[in-house]
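Peer 1: Dumping the structure here so I can ask a few things about it.
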Amino acid sequence: PGLLLLAAALALGRTAAARCPTPCVCDNLRAHVLCLNGNLTAVPGTIPQLTKKLDLRGNSFMVIPVGTFLATPYLTHLDLQRCKVERLEEGAFRGLGRLVYLNLASNGIALLYQESLDGLSSLQQLILEGNRIEEIQPGAFGHLGSLTVLDLRANALVYLPDMVFQGLQALRWLRLSHNTLHVLGSEAFATLPALRRLSLDHNELQALPGEALARLDGATRLDLGHNPITYVAEEALAMASLKHLFLDHAALQDVAPDAFTHSPQLRTLDLRENQLRGLPPLAGAGGLAKVSLAGNPLLCSCLLRPFRDWLVRARVQVEGSCAAPPALRGRPLDSLRPPEMRCGHPQLPPSPATPSEQPKVAGSRQCPQGCACSPDFRHGSCENRDLQEIPRGFPGDTRLLDLRRNTFRTVLPGAFPGLKELVSLHLQSCGIRVLRPGALRGLESLVYLYLTDNRLSTLVATAFEGTPQLAYLDLDRNAFTHLPAGAFRLLPNLISLHLQHNAIGELLEGNLAGTGGLRWLYLAGNAIGHIVPAALAPAKMLEKLHLEGNCLAEVPTAALRGLPALSELKLSRNPIKRLGDGAFLPVASSLQHLYLDNMGLEWISPGAFAGLGPKIRSLYLESNKMSNVPDMSNFTGLEILNLRDVPFRCDCQLLPLHRWIEKLNLRVGATCGSPAEARGLKVKLSTTFQTCLGWGQGQAGGGSLDKSKAASKPSKKERSGKSPARGFRKSRA
C-alpha cells in the first residue's frame, strides 16, 4: 500500500509539473510554487492542486477576489508580500482550511471587512505589517480560532473599538507597534484569553490604557515604549500575570507609589530615556528584580533616599546614573551611600495632576426607527435606508455610527446631539453638498470622519468646531477644485487627510494652515499641475505624500523643503519627462520610499538622486522611457527596485548597471530595449556587454560600479585615462 501511495503521488507530481504556470517555478518534491516579482495581475489558475507553499511576492494583484484559492485546498503557506493589494474581498481565502501561515505585508490594504479572512480555520500566523489599515471592523478576525500571532505593525490605526479581536481564542502575541493609536476601547482586548505578549510601542498613547489592559489576565510582557505617556497613576496597571513592562523612551515625569500594586508578578520594569528626576518606593511590587532608569535626569538628593533604601531592602537591581547635583553627576545609582544624598538641592517638581476620570453613564438603548443599534459593539447603523435627514436618538454611548448611502445633501448645525462618545462616523455616498458651521458640534471624541463619494466643493473651518480629537478625515471623490484655505485649522490632532480623486488644480500657500501634526496627505488622482514653494510648509511632520496621477510636469523640489520627516513620496503617473540635479535633495535625509513609475520619464540627470543613499528602501521606476539610470551604488539599503518595462539600451554605457544588478540580491526586472539582438533579454543576462573594454576584468575581479571603463572602442582621451566612464550615464546612441 505504501508503494502504491508513493506511485500515485509521483503521478500527480508529474501532472502538476505539466501544469506549472509561467513565469512560475514549481518544486514538485516539496510541493512549492514560486511566482516572484513578476507582472502577474491575478493569481494563476493553473497552480498544481497539491501545492503546499505558494510564494507570490512582488506581483500586482490589487484585489484578491472571492474564491481565488479554491483550486489549491492543500496550501499551508501563502506569501503575498509587496503585491500592491488594496482590497480583500469577503471570502477571498475560502477553501484554505489547511493554511497555517499568511503573509500580506507591505501592501495597500486600508480596511478589514467582517468576512475578509473567512475560511482560515487553521491559520496560526497572519502578517499584515506595513499596510494602510485605518480601521478594523469588529468580527474581522472571528473565524481565526487557531491564530497565535497577529502582526499589525506599521499601519494607520488610531482607534481600537470594543471586541475588535473577538474570536482570537488562541492568540499569544498581538503586534500593534508603529501605528498612531491614541484611543483604546475599554473592551478592546476582552476576548484574548491566551494572549501572552502585547506590543503597543511607537504609538500616540498619552496615558496608560489601564482599563483595556486589565482584561489581559494571562499576558506576561507589555511593550509601551515610545508613547507620549507623562504619568503613571495610582493602581494604573492591573495585570495579574505581567512579568515584563517596557515604558522606555516615553515622556514620563512621575510614577505613583502604588502604580503597580495590582501587578504582583512584575519582574522587570524598563523606564529608560524618560524625564524622571526621581521615583518613590514602589509599593506592592514585591517580585520586582530589575528597574532600568538609564537616560533619565535623575536628581540624587535626599528626596531620592527613600527609593534608594527601598532598592536595597527589596534587593532590586537598578540601572541608571545621577544627572545632578554636579558632585554626583555620572555616579551609578547602586553605588550611592545615603550620606552622599544630601538635602538642600533644588526640589523635585510637583507630580503632574492625575487626570480626573469622568463617571461613566451607560447609554440608554433607544434607537431611531428604521435603524439598528448594537449594545455589545456600541454601533448604530442606518445604511442605505433612503433617509433625507440625519436621524436622532441614538444611544449616548454609541462609538460607531454608519449612515452611508442615504441622501442628506446638507449637514445642519448640531446634527449629532448627545453623542459625546462617538469615535467613528460614516457619511459616505450621502449626496452631501454642504457642511454647515457647527455641523459636528459636540462630537468631542470623534477620531474618524468618512465623507467619501459626496459632492462637497468647499469647507469652512467652523464645520469642524467641537471635534478636537479628529485624526482621520476622508474627503476622497468629492468636487473640490482647490483646497479651502484654513479649513483644517481647528483640527490640532489631524493625522491623515484624504483628498484623492477630486479636481484640485494647484496647492497654494495657506491651504494647509493649522496642520502642524499632519502625518499623511493623500492627493492622488487630482489635476494638480503646480505646488507653490510654501504650500506644504505648515505640515512640518508630514511622513507620506501621495501625488500620483496628477498633472505635475516636474518634481516639486522647492515645495519639499521644510519636510524633515518625509519618508514616502509618490509621483507615479505624472507627466514628468525629465529629472534634474538634486530633485529630491530637500528630503534626502529622510526619504525611504520613492515612486517614479508610469510617468513617461525620458531622461534622468546623473545628479538627480543626489543626497539619497542607504536610507532608500524601495525605488519604483518601472514603465518609463529612459534608456539609462544614474549611479545608485550607494543605495545599499534597497529592498525593492523595480526597473521593468524600461527600454534600456544594452551597450557599453550600461555596463556599470549590468555589473551592479549582478551583485544585487533583488529581482529588478530590467530588460534590454535595444540593440535589436538584445531586445527582450534581461540586462543581467545580455551578452552584448562582452565586447566592452574591461569586460573580462569586471567578470574576474568584480570591478567597482563607479570606476568601470565601459566602451567597446575607447577614445583617445579614454586610452590616456583622462575620461573614465563613471556611473550610469545616458546612452549616446
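For all residues, glycine too, the Cβ spot is worked out from N, Cα and C.
Pulled these features from TrEMBL for this protein:
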type: SIGNAL; residues: 1-17; note: signal peptide
type: DOMAIN; residues: 19-53; note: domain 'LRRNT'
type: DOMAIN; residues: 296-344; note: domain 'LRRCT'
type: REGION; residues: 327-362; note: region 'Disordered'
type: COMPBIAS; residues: 331-343; note: compositional bias 'Basic and acidic residues'
type: DOMAIN; residues: 366-400; note: domain 'LRRNT'
type: DOMAIN; residues: 647-693; note: domain 'LRRCT'
type: REGION; residues: 697-733; note: region 'Disordered'
Peer 1: Tell me, roughly as an integer, the mean pLDDT over the domain 'LRRNT' (19-53).
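Peer 2: Per the prediction, mean pLDDT sits at 90 for the domain 'LRRNT' (19-53).
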Peer 1: How does the domain 'LRRCT' (296-344) divide up by DSSP, counting helix, then strand, then coil residues?
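Peer 2: DSSP classes over the domain 'LRRCT' (296-344) add up to 22 helix, 10 strand, 17 coil.
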Peer 1: The domain 'LRRNT' (19-53): which same-chain residues, six or more beyond its ends, come within Cβ distance under 8 Å?
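Peer 2: Non-local partners: 12-13, 59-62, 64, 68-69, 71-78, 644, 667, 669.
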